[in-house]
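In TrEMBL this protein carries:
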TRANSMEM  21-44  transmembrane segment
DOMAIN    22-75  domain 'YrhK'
TRANSMEM  50-70  transmembrane segment
REGION    82-108  region 'Disordered'
COMPBIAS  90-108  compositional bias 'Polar residues'
Amino acid sequence: MKLFRTRRFDASPKHRSVYSAYEIAYSVIDLLAAVLFIVGSILFLDDATVYAGTWLFIIGSVFFAARPAVRLARELHLAGLDDDDESQGSHKNTPAKTSTDQARNPAG
């Protein structure tokens, strides 16, 4: 199983759908992390809100840590689709061998 292959996301409509869902999740996580860091920075300017700002930094850091986890989950999901498609396709489209085929090619 090869991860992070270019163009894997475009292999089928199912691949595109899965890729799009993960991209939306990735973008939402990215935006939330940035907003939490900006608001945390603003709260850090006043001594009365430093505690809340610190928590926003921590939560934002968790979101930043989630980004590579989402990318890895996406790649594993897409790789699983590749494996499923290949195994179904190889058996689905291969005709059953007849006794005549086996007589012509006993090794195959």
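Heads up, the Cβ atoms here are built off N, Cα and C, so glycines get one too.
In TrEMBL, annotation is done automatically, which means it is predicted and not curated.
Sorting each residue of the domain 'YrhK' (22-75) by its DSSP state yields 51 helix, 0 strand, 3 coil.
Predicted-model confidence for the domain 'YrhK' (22-75) is 93, expressed as mean pLDDT.
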